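Participant: Here you go, one structure.
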Ligand SMILES: [Zn+2]
């Protein structure tokens, strides 16, 4: 399976998954860049997968679905042109079997897809960060991220925005002695200077450097308690404090 990046808007990535099972487009927030990308390669998509309903992930769904007459997978009818509502568990598309995970928090009905050791997690887990809480509670997002952290360490993480540099600045502030963050900052700077995406990340790398997956680590507990003396030091309380801090960062 190959994963292709189509940049959209200021910092979104639309993904095209190409395999013998077909050509799937994940989170097409805009139709035009997808039409031109496919045109240049004489390719026709066979399905659309959506992680959540926000317009920067679904703005192109209806036009692509209509033009190519292809199915649209997603949580519910908040996804435009939805044909196949899906829930946590196995999902078969053509000959391929994917795992669907329910990961609420950023929105209450956010999904993630795992296929071929690759995770497409929309706005739930970002490289060195996590999504904002629009509809869910801190506990929901915390549990969702914990669920993603249990995937095999080698799982490639394809999140939907290029936020890595800004996220790493925050990570370095709250986890200042972590050498993995410092190495990662250097690597990502090189990638971005060369005009390349900083993705995919991996679950192993996120567990080693993403503050939102490290709320049990003494350095993060100390930082959270320094920011908010009312933080009780439990992983959920550390997570809630860090998310609130990052919102103002
Ligand atoms: Zn979103």
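Every residue gets a Cβ built from N, Cα and C, even glycine.
TrEMBL: automatically predicted annotations, no manual curation.
Pulled from TrEMBL, these are the listed features:
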{"type": "DOMAIN", "residues": "11-161", "note": "domain 'Metallo-beta-lactamase'"}
{"type": "BINDING", "residues": "52, 54, 106, 123", "note": "Zn(2+) 1 binding site"}
{"type": "BINDING", "residues": "56, 57, 123, 161", "note": "Zn(2+) 2 binding site"}
Participant: Quick check for you: of the binding-site residues 52, 54, 106, 123, which have their Cα within 10 Å of the Cα of residue 161 (Zn(2+) 2 binding site)?
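Facilitator: So far as Cα distances go, the binding-site residues lying within 10 Å of residue 161 (Zn(2+) 2 binding site) are 123.
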Participant: Need the DSSP three-state call for residue 56 (Zn(2+) 2 binding site) to compare against my parser.
Facilitator: helix
Participant: Which residues in the same chain, at least 6 apart in sequence, have a Cβ under 8 Å from the Cβ of residue 123 (Zn(2+) 1 binding site)?
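Facilitator: Listed in sequence order: 51, 52, 54, 57, 106, 107, 110, 131, 132, 159, 160, 161.
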Participant: Cβ under 6 Å from an atom of ligand 1: which of these binding-site residues qualify? The list is 54, 123, 161.
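Facilitator: By the Cβ criterion, which requires under 6 Å to ligand 1, the hits are 54, 123.
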Participant: As a test of the contact definition, list every same-chain residue at least 6 positions from residue 56 (Zn(2+) 2 binding site) whose Cβ is closer than 8 Å to its Cβ.
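Facilitator: Result: 8, 9, 12, 29.
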Participant: Hey, of the binding-site residues listed (52, 54, 161), which one tops the CB count within 10 A?
Facilitator: 52
Participant: In the same chain, outside 52, 54, 106, 123, whose C-beta lies within 8 angstroms of the Cβ mean position for the Zn(2+) 1 site?
Facilitator: 51, 53, 57, 107, 110, 122, 124, 131, 134, 160
Participant: Helix, strand or coil at residue 161 (Zn(2+) 2 binding site), per DSSP?
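Facilitator: DSSP assigns residue 161 (Zn(2+) 2 binding site) to strand.
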Participant: For residue 57 (Zn(2+) 2 binding site), what is the tally of other C-beta atoms lying within 10 angstroms of its C-beta?
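Facilitator: Its Cβ shell of radius 10 Å holds 27 other Cβ atoms.
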